[in-house]
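Colleague: Mind having a look at this structure? Questions to follow.
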Amino acid sequence: MIERGKFRSLTLVNWNGFFARTFDLDELVTTLSGGNGAGKSTTMAAFVTALIPDLTLLHFRNTTEAGATSGSRDKGLHGKLRAGVCYSTLDVVNSRHQRVVVGVRLQQVAGRDRKVDIKPFTIQGLPTAIQPTEILTELVAERQARVLSLPELKERVEAMEGVQFKQFNSITDYHSLMFDLGVIPKRLRSSADRSKFYRLIEASLYGGISSAITRSLRDYLLPENSGVRKAFQDMEAALRENRMTLEAIRVTQSDRDLFKHLISEATSYVAADYMRHANERRIHLDSALVLRRDLFSSRKQLVTEQYRHVEMSRELAEQSGAESDLETDYQAASDHLNLVQTAMRQQEKIERYQSDLEELTYRLEEQSEVVSEASEQQADNEARAEAAELEVDELKSQLADYQQALDVQQTRAIQYQQALQALERARALCQLPELTADNAEEWLETFHAKEQEATESLLQLEQKLSVADAAHSQFEQAYQLVVNIAGEVSRSEAWQTARELLRDWPSQQHLAERVQPLRMRLSELEQRLRAQQDAERLLQEFCKRQGNAYQPEELEALQRELESQVEELSLSVSDAGERRMAMRQELEQLKLKIQELTARAPVWLAAQDALSQLSEQSGEALEDSRQVTEYMQQLLERERETTVERDEIAASKRAIEAQIERLSQPSGAEDARLIALAERFGGVLLSEIYDDVTIDDAPYFSALYGPSRHGIVVPDLSLVREHLQGLDDCPEDLYLIEGDPQSFDDSVFAVEEHEKAVVVKIADRQWRYSRYPEVPLFGRAARENRLETLYQERDRLAERYATLSFDVQKTQRTHQAFSRFIGSHLAVAFDADPEAEIRLLNTRRGEIERALNAHEDQNQQQRQQFDQAKEGISALNRLIPLVSLLLDETLADRVEEITEELAEAQEAARYIQQHGVSLTKLEPLLSVLQSDPQQHEQLQESYVLAQNSQRLAKQQAFALTEVVQRRAHFSYTDSAGMLTENSDLNDKLRQRLEQAEAERTRAREQLRQYQSQFTQYSQVLASLKSSYDAKRDMLKELSQELVDIGVPADANAEARARARRDELHAALSTNRSRRNQLEKQLTFCEAEMDSLQKKLRKLERDYHQIREQVVNAKAGWCAVMRMVKDNGVERRLHRRELAYMDGDELRSMSDKALGALRLAVADNEHLRDVLRLSEDPKRPERKIQFYIAVYQHLRERIRQDIIRTDDPVEAIEQMEIELGRLTEELTAREQKLAISSKSVSNIIRKTIHREQNRIRMLNQGLQAVSFGQVKSVRLNVNVREAHATLLDVLSEQQEQHQDLFNSNRLTFSEALAKLYQRLNPQMDMGQRLPQTIGEELLDYRNYLELEVEVYRGADGWLRAESGALSTGEAIGTGMSILVMVVQSWEEESRRLRGKDISPCRLLFLDEAARLDAKSIATLFELCERLEMQLIIAAPENISPEKGTTYKLVRKVFQNHEHVHVVGLRGFANEIPSLPPIAAELQQGG
C-alpha cells in the first residue's frame, strides 16, 4: 500500500517572538499549548502563509473578529513579522520518500499601508541531516546568528551537490509543483481554486460549520464533468457550423446563376470600355505622332530661318555694340580733349604760383637773416642788463655791511666776518674745500690762468660764429630746395641727395625731349593694332560659323576646300528624288498587308483564348491538333480510374464511421442494447466500471475479461433470472457477472500472466488463453485513443474522397471544353500569329518612315551645308588680304613697350616742368650743403657755454682776489688803520654803486629798444612764412589736381586729342550706316519667320490639344492599369479580339451590358451605387472599380471551406462541382452529429448515480464520528424535483417536444432551456439567455442538493446548523465536513497525479479549549483512521495523551521579546518524560 506523505516540520525565522524556530510536526496531532499571546496563532499563520502565499486571500483575524468585514489593516500578517528578512518553511516527505522544503520569504514593505512582500520557493534533495534553520541562518558568534537573504540562500543551496533551489514568480507554478509532489490534495489552477482551498483551511483554523463551505458544497465535493460539457459544446459548435455551411450552400446555389450573369455582363461592360479606351489611346497616340512629325519639320524650317535671323541679329548686335563702343570712345575722346584743355589751364596756374613762390622764398631768406641778427643783439643786451643788476645788488649789500660798523670792534668783527664769508664763498665757488687764507694767493694764480684760457676760447668762438652766420642763410636756402624737390630728407643727407638729383637732371631732360616722337609712334602702332583686332574679330566670327578654329595661315587652303565642297553638294542633291520615290512605294505595300492581317486577327485570338484555357485546365502544352485529340482520350481514361478510386474510398469511409459510432457509445458499450439491459437488471456495465482504467492497463484488462468485457455486473444473479425469461432484444452472447458495482475488482478470476497474454482459469476443467489486443478498446482512455486515430483516418479519407469527387467533375468539364474547342476553333487555332506578322510589318513600316525622314533631314542638311560653304567663301575673300596683319604677333608688345616709354618720358617732362627752376638754383649752392646744417646751432651753443665758463672763471678769480685782499682782516692788531681803510672803502663803494646804477639804467633802456625792434622783425617774418605756406599749399593742390587729371599738359596734347575725336566721329558714322542696312534685312527675315510661326502655332495648338488628351488619358490609363494589375483582373479585361472592333461597336456592347447590369444589381445597394458612379465617361477607372467591386462581392460570397479559389470565374466552375457533393455529405454529417434527448438524460443520470455512490462511500468514513451529543455525521444527496421531471421528460416523453430538438434555429442547449421553461412556467429565469440556462442544465451538479446532517441525542437526524449545536459540536461537525472535502479532492485528483503519490493531509484547529476530552479523543481517532495530521492550538490546561505538545511561553528580556518553547511526546502508553524536542536557538542581536 502507498504510504501517505507527511509534513515533518514547520520553521519560522525572524517572526515576532521566533528568531529561528523549527517545530517538528507529529504524524497525527501537534498541539500548541500556551497562554494568551504566547504565539500559537502566529505559528499557525506562518504555516498557512507557506501553504497559500496569496496576499489577496490571507486574513488572520481573532475568533472575536469572526464575521467582521474589515479586521486589522494589515490582515494580521504585517504585525506578526519583525523587520528584515523573514522565512516560513514546511519540511515535507512525500510518498516517494522525497524530502521537499517549501516556503516563502517575507519582508515588511515600508509605508503606511503596512504591506508585506512574499516570494515562494522550494528546495529539493536536501540531506536529512541538515535542518532548515541551518540553511536559512548563518552563525555569527557562539550564540548569535544572521538571517540570510533570498539570493544568499540561493547561493548556499546551489553550492550543495544534488540540491535544487527554485524561486517562483507565480503562485500557480508554486502550487502546481506542490501538487505534483503530493503536498496539497488538489491542483489549484486558478485564483478560484486557491480561494476554495483557503476557505477550507480558514474554516478548519477557526472551527465551526463554515457557511462559505456548506453553501457551496457542490463546488467542493462534486467534481466538474468538464469532458461531458465540452463534448456537448463541440457537438453544438459542429452542428452550428454544419447548418451555417448548408445554409451558405443553399444561398450559393440560388446565387449561382446570378454569379454567371453578373460576371459575364460585368466583363462585357468593363472589357468593352477598357479596350475602347485602349484603342482610342492608340489612335490618339498615332495622331499625336503625325502632328509631332509635322511640328518638328516646321520647327526645323523655322530654326533655319531663326538661324539666319540670329546671325543677322548677332551682327546687328555686334554693330550696335560696336556703335555703343564707338559712342563711348567718342565721348571719352571728347572728355579727354576737355581734360587736356583743363590741364593746360592748370599748368599755367602752376607756373604763376611757382614764380610767386620763388620771390617769397628770397624775401623770406633775407628777413630770416635780419631776425637772426636781432635775436643775437637781444641776447647780448639781456646778458649786460642782468650783469648790471647783479653788480648793483652786490654793491648795495657791501655798502650796507660797512655802514653798520660804527665802532672799531664792530668794524673788526664785520671785517672778520666778511673775510670768513668771502673765504666760504670762494671755497664753494671754486669747489676747493682745502682753500685757506694762506694758500689763497697760490690758487689765485691758477684761476687767473683759467680765466685767461676761457677768454681766449671765447674770442675764437666769436670769430667762428661770425663766419657761420654768413654761411647759414645759404645752407637753409639750399636745404629748402632739396626738400621741395626730393621731399623730406635729413639735414645730414641733404648734400648726397642734392648730388643725386643734379646727376639725374640731364637724363630727365633727355627723356622729356622724346615725348613728342614717342607719341607719334604710339599713335601709328595703335592704329595698326585696332586694324589687327578687327581682323581677329572677323576671323573669330568665321571660325564660330564654321565650328572649327582656324589659324591665319590655313585660310587659303580652307578656301580651296570649301570651293570643292560646294561642287560635291550640288551633285548629291540631284540623287535624292529617286530614292525617296522607291521608299514611298514600299510603304504603300506594307499598309495593304497590315490591313489584311488585321481582319484575320480577332478570329485567331478567340481560338488562342480557348486554347490557353484548355492548356491551363490540362496543364499540357497543346502545340497541334493531334495532341488535342490524344489528350481527350486520356481524359476519358482518367475519369474511369478516378471514379473507381472514389467509390473505394467511400466504402472505407463508411466502415470507419460505423466503427466510430460503435466506439462512441456511452459507458463503452459497443451495443446500445446493453445499456438498456443494464438499467433493466439494475446493474452496471463492466466497461463502465473500468471506464477510468489507464491506456497502459487497458490491454491487460481487455485480455483478462475476454468476451465478457461487454458484460453486465449485477448485485444478485438470482434477481436477474426472472428477467431473462422471454428476453429477445439482446446480443447473441450476454455475460452477467455477480458483484458489487461500487467495490468490484478482478478477484473473481484465477489468472496467470504471460508475456503479452493471460491464462484465465474459468473452471477446473476450462481455461481461456487471451493475448493482449494490438488496439485495446477497454476503458475510456483506450477508446478515446482509438477514436482519435479513427477520426484522423476518417478526415484523411474524407479529404481524399472530396479531392477525387472534385477531380471527376473537373475531368468531365475539361472533356466538354475540349469538345467545344474542336468544333469551333480547331481549324484556325494553330495558324501563324497574325499579330506577330503585324508587329513585324509595323516595325518595317517604322523603319521606312524613319529612313524617309532621315533622307529628308539629310537633304536639308546638305542644303544648309551648301549655303554655309558659300557664305564661308565670301567671308574668306574678306579675310585673306588681312593675313599678314593677323600674323604680326609682336604688335601688341610694341604698343605696350612704346606706351611704357611714353609714360616714362611724360613723367620726366612733368618732373622737369615742376622742379627745373629749383634744380637750376640748387646747382651753385651744392658746396654749401657739404657742412653739417646743425653746426651753426652747435657753435652758438658752444659760444654760450664759453661765455658761461668765462663768467664763472671771472667770478672764481674775483672771489679768490677778495680772499687775498681780505687776508689782513684775519688779524685784529691795528684797529685805527682798519677804520681809515674802512672809510676809504666806503667811499669807493658808494662811487662804484652810482656808476653801476647808471650802467643798469642804460642797459635797461637799450634792452627795451632792441625788444621792440626784434618784435617788428619777427612779425614780418611770420607774415612772410604764412604767405609762403599758403602759396606752397596751393601749388601742391594744383600739382595734385594736375596729377589727378592724368593727361599731359604739353603743347601737342591738345592737337592729338582733337585728332582722335575727329577720327572716332568718322568711324561712328560708318557704323551707323551699316546698322541701318542690317535692320532693314532683319525686318524682311522677321516677316518670313512670322508666317512660319503662325503655321507652327497652329500645329502646336493641335499637337498640344491631342497631347493633353493623350497625357490625361495616360494618367487615367496608368491608374487603370495599376488598379487592374494590383487586383489581378488584367487577363479578364484585356481581350485582344476586341482591339479590332471600332469605337461604336464597343460602345454598343458596353451599353447593352450596362442595361443588363442595372437589372442584376437592383437589389444590391453597394453595387448599384458603384455602377452608377462607373457610368461617368470621364472616369474610366470607376468602371474598373465596379469590376473589382463585383469581384470582391462575389469573392466574399464564396465560402472557402466549399470552393478552393478566390477567383469568382473559377469559383463558378468549382461551385457547380462542389455544391451537390457537399450538400449530401453535410446532411449526412448533421444526422450523425445530432444527439438524442434520451442519451443526454442517460448520461446525466449515470453521472448523478456515480456521484451519489461516491458520497455514500465518503459517509461510511464519518459514521463513527461523535462530538458531544452528536453521535454521527452524514451528507445527504437529493435530486431536485424540477430537474428530475426534466430528466423523465427527456427519456420518456421526448416525442412530445421534438419541435424544440428538431429546430434548426435552436441549439441543443437552447432547446433544453426552452423545455425547462415549458415544464416550469412558474420559475423566473431573469435576464439570463437560454444558451446560458441550457449550459447549466448540462451540468449534473445543478441537479443535486447537498445537506449535512448530524445525529444528535433524542432529536435524531437534524440539519447541521451552528444555532442547533454547541460550539464544540459545531467544531467537530465542521471538521468532519472538511475531512470529507479533502477526501473528495484526493479522489478527484487521483488521475491527475502520479500513481505512487498519496498526498499529505493536514488541518488546523485554533482555540480547541471548547472541545471536551472526549471530542479531542475523537479527533485523534479520526486523524489516525484517515492518516491525517492535525495542528491544534489549546490553552495551558489541555494536556493530550497522544501526539506532540509544544509549550509556548512568551518572555521579555532586556527589551527583547522571544517565545520559549518546550516540546513533549505523548505519554499514553509510555513513561512520562519532559525533554525538549528541539533546542531553542536564542534570538540573535
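In case you wondered, yes, glycine gets a Cβ from its N, Cα and C as well.
Straight from Swiss-Prot, here's the annotation block:
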type: BINDING; residues: Gly34, Gly35, Asn36, Gly37, Ala38, Gly39, Lys40, Ser41; note: ATP binding site
type: COILED; residues: 337-480; note: coiled coil
type: COILED; residues: 509-605; note: coiled coil
type: REGION; residues: 666-783; note: region 'Flexible hinge'
type: COILED; residues: 780-805; note: coiled coil
type: COILED; residues: 835-915; note: coiled coil
type: COILED; residues: 977-1116; note: coiled coil
type: COILED; residues: 1210-1235; note: coiled coil
Colleague: What is the one among the binding-site residues Gly34, Gly35, Gly37, Gly39 whose Cβ has the most other Cβ atoms less than or equal to 10 Å away?
Modeller: Gly39
Colleague: Mind checking which residues of the chain, 6+ beyond the ends of the coiled coil (780-805), have their Cβ under 8 Å from one of its Cβ atoms?
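Modeller: Sequence-distant neighbours of the coiled coil (780-805): 642, 645-646, 649-650, 652-653, 656-657, 659-660, 663-664, 668, 691-695, 698, 702, 1217, 1221, 1225.
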Colleague: Sort out for me which stretch, of 337-480, 835-915, 977-1116, has the most Cβ pairs below 8 angstroms to the coiled coil (509-605).
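Modeller: Of the candidates 337-480, 835-915, 977-1116, 835-915 scores highest.
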Colleague: For a quick check of understanding: among the binding-site residues Asn36, Lys40, Ser41, which residue's Cβ has the most other Cβ atoms within 10 Å?
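Modeller: By the 10 Å Cβ neighbour count, Lys40 comes out on top.
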Colleague: Report the same-chain neighbours of Ala38 (ATP binding site): residues 6+ apart in sequence with Cβ closer than 8 Å to its Cβ, ordered by sequence.
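Modeller: The list for Ala38 (ATP binding site) reads Leu1448, Val1449, Arg1450, Val1459, given in order along the sequence.
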Colleague: Applying the rule Cβ within 8 Å of the centroid of the Cβ atoms of Gly34, Gly35, Asn36, Gly37, Ala38, Gly39, Lys40, Ser41, what extra residues of the same chain belong around the ATP site?
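Modeller: Other same-chain residues with Cβ inside the cutoff are Leu32, Thr42, Ala1433, Leu1448, Arg1450.
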Colleague: Under DSSP, is Ser41 (ATP binding site) part of a helix or a strand, or is it coil?
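Modeller: Looking at the DSSP assignment, Ser41 (ATP binding site) belongs to a helix.
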Colleague: If you average per-residue pLDDT over the coiled coil (977-1116), what number do you get?
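Modeller: Averaging the confidence scores along the coiled coil (977-1116) gives 79.
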Colleague: For the region 'Flexible hinge' (666-783), give the DSSP counts of helix residues, strand residues and coil residues.
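Modeller: Helix, strand and coil residues of the region 'Flexible hinge' (666-783) number 41 helix, 26 strand, 51 coil.
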Colleague: Quick check: in three-state DSSP terms, what is Gly34 (ATP binding site)?
Modeller: strand
